[in-house]
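As recorded in Swiss-Prot:
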- G172, D173, R174, K175, T176, G177, K178, T179: ATP binding site (BINDING)
- S365: site 'Required for activity' (SITE)
Amino acid sequence: MKPLSIKAEEISALIKQQLEKYDDKLNVNEVGTVTYVGDGIARAHGLNNVLSSELLQFSNGSYGIAQNLEANDVGIIILGRFDDIREGDQVKRTGRIMEVPVGDQLIGRVVNPLGQPVDGLGEIKTDKTRPIESKAPGVMDRQSVNQPLQTGIKAIDALVPIGRGQRELIIGDRKTGKTALALDTIINQKGQDVICIYVAIGQKESTVKNSVETLKRFGAMDYTIVVEAGPSEPAPMLYIAPYAGTAMGEEFMYNGKDVLIVFDDLSKQAVAYREISLLLRRPPGREAYPGDVFYLHSRLLERSAKLNKKLGGGSMTALPFIQTQAGDISAYIPTNVISITDGQIFLEADLFFAGTRPAINAGESVSRVGGSAQIKAMKKVAGTLRVDLASYRELESFAQFGSDLDQATQAKLNRGRRTVEVLKQPLHKPLPVEDEVLILYALTHGFLDAIPVPDIQRYELELYDYFASNYNDLLDVIRTTGDLPEEAKLNEALKNFNEGFSISKK
């Protein structure tokens, strides 16, 4: 047997090679220990350098967000299920804040607040993410709202117009048509180059399913993302859902696109935040909400804006919902959100049950953007509509006490009844803006004064068909220029239609 020959040169070459490859960087993680877990909340000891809102990872792979930074421990809200997290488990810092996937790949999908698909259509392949919390655009980054966002709902586009980049609160009791209003607005964005995001917070799974089916039926899911945090989810998921939806919208807004985001509804988010705060032992304030509940909504809604040309001119229009109790809009959360937004649409239960749908109370509803968010034609026909409606409501209450009314008062009452009837609209039938202008022009110029109230809805439908067949050029003028066609031609066309319209026999 030959003796083993060891060559010193080979050994030194191998050692040199290993030394060159040697990585002396240590992977250091700051790790803490879970001391309490329950109700979507955990407390951990040992994370001395953790940052507020930092994303933390538990030993089982779950994530949480550092919410309370206290002297001896950290209060953490757990994202998702917490059944398999135990006292004594390790939790480590990640050094980043929570992010969600963003981009075109999310369009047409239903996702949870973490951006994970829940529609069974497979994974979402996107490598782009955005933090759920980000700074709102500053004053110099914005421009004033000057472009309308057509909802297709006559009462809104005429009385409380919404502009691209505006925040318009929709407020009312449960079952007064808030969700229907938002779905109709989303459906009306077809072909308008607007990306829509519908954030369902604490809505029943069956309700969300119906909403998604409605959007699919009208082809609206082609430009819509649905973010769903159901009532069976832990409170932290309901709390982060609106921020996740806004982050998805910001990706489009900062790329020069127009976005419409609907929060259905922020009352449930406030309740979830109250639950989290009480579990974290934060001092309760009015109605047991924590002291920073105003900031909860203001930092969310301020991220919706119309950006200036330098930043691409994109916009995000927010429609936050708030549910009231017995029509009380002076409660804590409603008054908070009213003061943050650029106006509110108040849906009244009494009007809804009396058959006025959408049940918009014109007196309580306001848009602080106003005429800037209307085309010229709409401004001309809807200018006096709000005042006329308010004076009709006033006269109507007085008219109940006596029948001896002068002719002018009687004429106002007649016009008011027809105005209320014209502003009614069936579910999921938003109108193009030229049709809205047409019927409101006919109303304000007296063409409906001789038409009995029960015939108004039939008159309206026949009017649209008549103009589409015989006077499409007049509708084209409104559609393309945004202004009224020659009034003489329009009056002539309406006069011709009225002559051929058959009034129902009593």
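Here the Cβ of each residue, glycine as well, is placed from N, Cα and C on the backbone.
Projection of Swiss-Prot feature records onto the structure.
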{"residue": "G172", "record": "ATP binding site", "Cβ contacts under 8 Å, 6 or more apart": "K178, Q323, T324, G327, F346, L347, E348, A349, A359"}
{"residue": "D173", "record": "ATP binding site", "Cβ contacts under 8 Å, 6 or more apart": "Q323, T324, Q325, A326, G327, L347, A349"}
{"residue": "R174", "record": "ATP binding site", "Cβ contacts under 8 Å, 6 or more apart": "Q323"}
{"residue": "K175", "record": "ATP binding site", "Cβ contacts under 8 Å, 6 or more apart": "A349, F352"}
{"residue": "T176", "record": "ATP binding site", "Cβ contacts under 8 Å, 6 or more apart": "L347, E348, A349, F352, A359"}
{"residue": "G177", "record": "ATP binding site", "Cβ contacts under 8 Å, 6 or more apart": "L347, F352, R357, P358, A359"}
{"residue": "T179", "record": "ATP binding site", "Cβ contacts under 8 Å, 6 or more apart": "Q203, T207, S211, D264, F321"}
{"residue": "S365", "record": "site 'Required for activity'", "Cβ contacts under 8 Å, 6 or more apart": "L159, V160, G343, Q344, I345, F346"}
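Each residue in Q323, L347, A349, F352 lies on the same chain as G172, D173, R174, K175, T176, G177, K178, T179 and has a C-beta within 8 Å of the C-beta centroid of that ATP site, without being one of the site residues. Reduced to three states, the DSSP call for G172 (ATP binding site) is strand.
The 10 Å shell around the Cβ of K178 (ATP binding site) contains 24 further Cβ atoms across the protein chains shown.
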